[in-house]
Amino acid sequence: MNIKPEEITSIIRQQIENFNTNIETIDSGTIIQIGDGIARVYGLEDCMEGELIEFPNDVYGMALNLEQDNVGCVLLGSEEGIKEGNVVKRTKKVVEVPVGEALVGRVVNSLGMPIDGKGPVLTTETRDVEVPAPGVIDRQSVKEPLQTGIKAIDSMIPIGKGQRELIIGDRQTGKTAIAMDTILNQKGKDVICIYVAIGQKQSTVAHIVNDLTKMGAMDYTIVVSSTASDSAPLQYLAPYAGCSMGEYFMHKGKDVLIVYDDLSKHAVAYRTMSLLLRRPPGREAYPGDVFYLHSRLLERSARLSEKLGGGSLTALPIVETLAGDVTAYIPTNVISITDGQIFLESELFNAGQRPAVNAGISVSRVGGNAQIKAMKQVAGTLRLELAQYRELAAFSQFGSDLDKESVKRLEKGKRLVEILKQPQYSPMPVEKEIIILYAAVSNHLIDIPVNKIKEFEKELFNYIDTHYRDIGKDILEHKQLTDELKSKLDKAINDFKNVFLSEI
C-alpha cells in the first residue's frame with residue numbers, strides 16, 4: 001500500500017483543524033451513605049444550600065446539610081437503584097417549578113409535573129421555589145375585601161386581599177369546606193385560586209378536584225398535590241411550589257388566593273426530614289427552625305404596591321389541632337405569623353351549627369379595613385349580640401326566671417345563630433348577605449318561628465329578586481346603607497313578612 005506524505009500531512013492538518021478544545025468541568029461527588037430518602041455525599045466542595053443535585057436514574061436531590069466533610073441531600077424521587085459509591089453531579093441551579101397560565105385548570109405535583117393525565121404543561125417559564133418575601137416598601141395595606149361567600153366570616157371575621165387568615169380546628173370540623181367555598185365564591189371575580197394538598201389521602205384530593213370541576217371552579221384553579229404516599233421532601237416542597245405559581249400571577253397585577261391544606265402535615269414532613277438529616281430536635285421533636293419554615297412561606301403573601309402592579313396573594317393556611325388544643329407548638333406558631341384566625345369547634349359542628357365558627361375567639365386583625373361600609377353597618381353589633389346570647393343561654397339553662405328584655409335578646413340570638421348557618425357549596429353574594437343580616441339585626445325576624453328561618457331567608461331572596469331587584473344593585477353601587485336604602489329594605493322585608501306569616 002502506497003501512502004503519499006502529502007496525504008498524511010492533509011489528514012493530520014484536517015484532524016488538527018477539527019480538534020475540539022471545549023473542556024467541560026463537572027463538579028461531582030460520591031455517595032457514601034444512602035437510606036430513608038437521605039443521601040450523604042462526599043465531594044461537592046462548592047455546593048449551595050438548596051441546590052439541585054443530579055443522582056443516577058434521572059433522580060434529583062436537594063442539598064440541605066452542608067457539613068465539613070459531606071453534604072446531606074434529600075431525594076426528590078425513588079432511591080431504587082441508587083447505591084453507595086455512585087457518582088452525583090452538581091446542577092448549579094436551585095429547585096424551580098414551571099409557572100404560567102398553562103397551569104390553570106391542572107393538577108400537578110410539588111415539582112410542577114402534571115398528574116391529571118391531560119398531557120404536559122405547555123409553559124417555558126420557571127420560578128425558584130424559594131423566593132424572598134416582598135419588603136415593606138413593596139407592599140401596601142390591605143384595603144379590598146376578598147369575599148368568602150360565608151355569612152359568618154364575611155360579617156365578623158372579614159378577609160382582605162393580601163391577608164393571611166388561619167383556619168384552625170380539630171379533624172372533621174369543616175376546615176377544608178370553608179376553603180373550598182371561598183374558592184367557589186371567586187367564580188367570575190378574576191381571582192386565580194391555588195389549592196395545595198399536603199399529605200392528604202389521594203382519594204380526598206380526587207374528591208376535591210371532582211367537586212371543583214363539577215362546580216366549574218377548575219377554570220381558574222391550580223391544584224398542587226403532594227399526597228400521603230409521597231416522600232417527606234416532596235410534601236415539604238409543595239406549599240413553596242404553590243406559592244411560586246401564585247407569585248407569578250401576583251407580579252402580573254392579578255389577585256390570587258392560595259390554600260395550604262394543611263401546615264400541620266407540612267411541619268411533620270419537615271420534622272421527618274430534619275431528624276433523618278440528624279439535626280437536633282427541639283420542642284415536640286420539631287427542629288429549631290420550624291417557625292422560620294412557616295414564616296418565610298406566609299410572609300410571601302402580600303398586597304403589592306401600585307408601582308409593582310398592585311397584585312395580591314391571599315393565603316388561607318389550615319392547621320389541625322388535637323382535642324381543641326391551640327396551645328400546641330405548630331398552632332401557636334402559625335397563629336402568631338398570620339393576620340387572624342378562624343377557629344372551628346367540634347362541639348358547634350356536632351350541634352348542627354355549620355360552619356362551626358367560634359365567633360368569640362376568631363379574629364381578623366386587618367380585614368376590618370377591607371370590609372365594605374354596608375357590611376360594617378349591619379355586622380357592627382353582631383359579634384356583641386352573639387356573645388350576649390351565649391352568656392344568656394348558659395344562664396337560662398338553670399331555669400331562672402328571665403325579664404322581658406333578656407327573653408327578647410335570647411329569641412333574637414337564636415335567630416342570629418340560625419341565620420349564620422349555611423350549607424356547604426352554597427356561597428352567597430355579598431349583597432344577599434347584607435340583606436339577610438340587616439333583617440336579622442334590625443329585629444325583623446323576631447316574629448318568625450326559628451324552624452322557619454331558613455325557609456324565610458330563601459323565599460325573601462326570591463321575593464326581592466322579583467319585586468325589588470334594584471336593592472341588590474344599589475348596595476353594590478353605593479357600598480353603604482343610606483337612609484333611603486334602609487327604608488326601602490324595611491318596606492321590602494315587611495311586605496314579604498306579611499305574606500310569609502299569612503301562609504304559615
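Cβ from N, Cα, C; glycine included.
Worth saying up front: this structure is predicted, and the values here are computed from it rather than measured.
Counting every protein chain shown, 18 other Cβ atoms lie within 10 Å of the Cβ of Asp170 (ATP binding site). Under the three-state DSSP scheme, Asp170 (ATP binding site) falls in the coil class. Residues or ranges marked as ATP binding site in Swiss-Prot (evidence: sequence analysis): Gly169, Asp170, Arg171, Gln172, Thr173, Gly174, Lys175, Thr176.
Sequence annotations record features per position, and here Swiss-Prot assigns site 'Required for activity' to Ser362. Long-range neighbours of Ser362 (site 'Required for activity') (same chain, six or more residues apart, CB within less than 8 Å of its CB): Met156, Ile157, Gly340, Gln341, Ile342, Phe343.
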*Residues that sit under 8 angstroms from Arg171 (ATP binding site) by C-beta distance, when 6+ apart in the chain*: Glu320
*Have a look around Lys175 (ATP binding site) and count the other CB atoms within 10 A of its CB, chains all included.*
26
_Fewest other C-beta atoms within 10 angstroms, as judged across Gln172, Thr173, Thr176, which are the binding-site residues_ = Gln172
*If you draw a 10 Å sphere around the Cβ of Gly169 (ATP binding site), how many other Cβ atoms fall inside it, taking every protein chain shown into account?*
28
_All-chain count of other Cβ atoms within 10 Å of Gly174 (ATP binding site)_ = 20
*Using the recorded ATP site (Gly169, Asp170, Arg171, Gln172, Thr173, Gly174, Lys175, Thr176) as reference, state which further residues of the same chain have their Cβ within 8 Å of the centre of those residues' Cβ atoms, listed in sequence order.*
Glu320, Leu344, Ser346, Phe349, Ala356
